[in-house]
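Novice: Structure below; questions to follow.
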Amino acid sequence: MSLLIGSHVSMSGKKMLLQSSEEAASYGATTFMIYTGAPQNTRRKAIEDLNIEAGKAHMAEHGLSNIVVHAPYIINIGNTQKPETFRLGVDFLRSEIERTEAIGAKQIVLHPGAHVGAGAEEGIKKIIEGLNEVLTEKRDVQIALETMAGKGSECGCTFEELAKIIDGVTHNERLSVCFDTCHTHDAGYDIVNDFDGVLDEFDRIIGAERIKVVHINDSKNERSARKDRHENIGHGHIGLKALDYIVHHDQFKDIPKILETPFIGKDKKDKRPPYKHEIALLRRELLEPIEK
């Protein structure tokens, strides 16, 4: 089976899902990840305007599968301070799951939430409350809780915190995990020198079978920086060797591996996606990281 690897791609204009599939195919990808609209607002097109059938036909023709949706950043079900933010998060997440199912994706990646000053324990309680509200309807979609870097008041930057959330949710068979390499590195896990040790720890605390998506990113920061700044493959503190090992790890062979690395180019007008090169690099078809 060919390596299940792709990147974040856009979905906009008239073509919508077809455009996403065309972009992914142009990178030589076998999978991809999308937002169903702008990640910073709630404006969304109707499901019938997402051009799903044409998108699916193009995907089938070009060997693209196991696509992933990312929930927008504006969802924060960990917010204990503003009931309206929590309510918006729950309602919007519910509608995003509906759209995810319509598109044919099985995983929607979610940043668990930020406690905005109330403390991790209170934030986690709120996240559990929100997920219990969202996961009442029967849908063929799992929410993939993302491993976070620990920036600001983020919850879910340790495996123990994610385990607490999962244990508190009634229908937790509908929860999975998105393992982000930059975030786990920035949170303090030594994925560079001891990835198997980190995976064993994850397995002991959560269960490795919960990992259903992997975000492949290098990091601009040293381990434990709690910063969350993605870097291009081979240009950061994780490095190509460690990321190559993770991408080709047996545990992840049937799991979509998604690049979210920064666009490259000397100035703002010249920015372009690095994904065609980075996918080939991680397929071991190229030897050198992309020139920035």
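Placement of Cβ uses the backbone N, Cα and C atoms for every residue, glycine included.
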Novice: Swiss-Prot has ASP228, HIS230 down as binding Zn(2+) 3; which of HIS183, HIS185, HIS248, HIS249 does it also list for that site?
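Specialist: Answer per Swiss-Prot: HIS183.
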Novice: Of HIS62, HIS70, HIS115, HIS215, which does Swiss-Prot put in the Zn(2+) 2 site with GLU146, ASP180, GLU260?
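Specialist: The candidate from HIS62, HIS70, HIS115, HIS215 that Swiss-Prot ties to Zn(2+) 2 along with GLU146, ASP180, GLU260 is HIS215.
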Novice: Given that Swiss-Prot lists HIS70, GLU146 as binding Zn(2+) 1, which residue among HIS58, HIS111, HIS171 does it place in the same site?
Specialist: HIS111
Novice: Using a 10 Å cut-off between Cα atoms, which of these binding-site residues sit near GLU260 (Zn(2+) 2 binding site): HIS70, HIS111, GLU146, HIS183, ASP228, HIS230?
Specialist: HIS230
Novice: Given a 10 Å Cβ-Cβ cut-off, pick out the one of the binding-site residues GLU146, ASP180, ASP228, GLU260 that has the most other Cβ atoms nearby.
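Specialist: Highest number of other Cβ atoms within 10 Å: ASP180.
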